[in-house]
Amino acid sequence: MASEAPPFWWDEPDWRALALAPAAWIYGRVSGRRLIRAVPPRVSLPVLCVGNFTVGGAGKTPTAIAFARGAIARGMKPGIVSRGYGGNYSGLHLVDPGHDGARHVGDEPLLLARHAAVALSPDRVKAAEYLKSLGCDFIIMDDGFQSARLHADFSLLVVDASRGIGNGRVIPAGPLRAPLTDQMRKTDALLCIGKGNGADFVIRQAARAGRPIYHAQLRPSSSATVAGRRWLAFAGIGNPDKFYESVRQAGGEVVETHSFADHYSFEPDDIRGLVDMARRQGLGLITTAKDHVRLATMPGVPPEFLSKLAVLDVDLEFDRTDALDHILDTVVERFKSRLHG
């Protein structure tokens, strides 16, 4: 079972954040110093890093998918490097969406592998070189910003507009993976996803640092099956409220919600409980594409449950129509400068 971020991380700082401040200071010193001082190894391919400032969901997966699609549309062959959070693979592995299970490789890599080749490895350089040997000519690094284990020609940091960076404190007092000032120094651009003012502070910091700021929305891609129906919506992702809002945007009525920890491994009792709750209230069951990947590759999940389970997927849409191409151009230009500089 995956661990869940403490709810107080996303509220105003309270006594818990204060009590954990000494530990957060130590963590921040170490993580910030590693980020600033690291000289990551390079590969002879353009590398785009899609990361975020905090633990938890911000929209990295649909962002990585959008860039994979964009690269393919330009005639490129992108490959995605991932650590495979939520799985248990420790070696170098090329994800096979037809045979791999989420418990083995993680749910996000399975989703990403529907769009591009995905190589899993703690050694991101080895993963990138392997993708190059397969003919890939553009690398998308899914997360890995703070670890600094592979040089990125462009680091795009994703933030959720409604949640922002929570209480603004570093782990374990808050959700930040390193002090914001240190992270911003290594950030090339900010992508704010959704509506809301929760990210106003980090947007101001990015503007003050002279970083480009892009905006995008997550649009439901399967509204026809959702609209006009009453749902029990459930999710085991970093920000389940964002998913519930997407169901509403697609025209569905969310009567009940059930949230699980991020990357949650469902048990048979969970499935029975959801089915019983939905049946009692006459509701349909709906979940995320990421949760569906985990459920569909779990042993023992009743086929009738999967056949009746609705899935709402989302696509990333930039507010500026030229934003995605502009970022891809920048990545390639920086790579060429690095190669010939």
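Every residue gets a Cβ built from N, Cα and C, even glycine.
Sequence-distant neighbours of Val55 (ATP binding site) (same chain, 6+ apart, CB under 8 A from its CB) are Ala5, Ile171, Pro175, Arg177, Gly238. In the three-state DSSP classification, Val55 (ATP binding site) falls within coil. The ATP binding site annotation in Swiss-Prot covers Thr54, Val55, Gly56, Gly57, Ala58, Gly59, Lys60, Thr61.
Taking the Cβ of Gly56 (ATP binding site) as centre and 10 Å as the limit, one finds 17 other Cβ atoms among all the protein chains shown. Apart from Thr54, Val55, Gly56, Gly57, Ala58, Gly59, Lys60, Thr61, the ATP site neighbourhood in this chain, defined by C-beta within 8 angstroms of the site C-beta centre, holds Asn52, Val158, Asp160, Gly238, Asn239. With the fewest other Cβ atoms inside 10 Å of its Cβ, the least crowded of the binding-site residues Thr54, Thr61 in this structure is Thr61.
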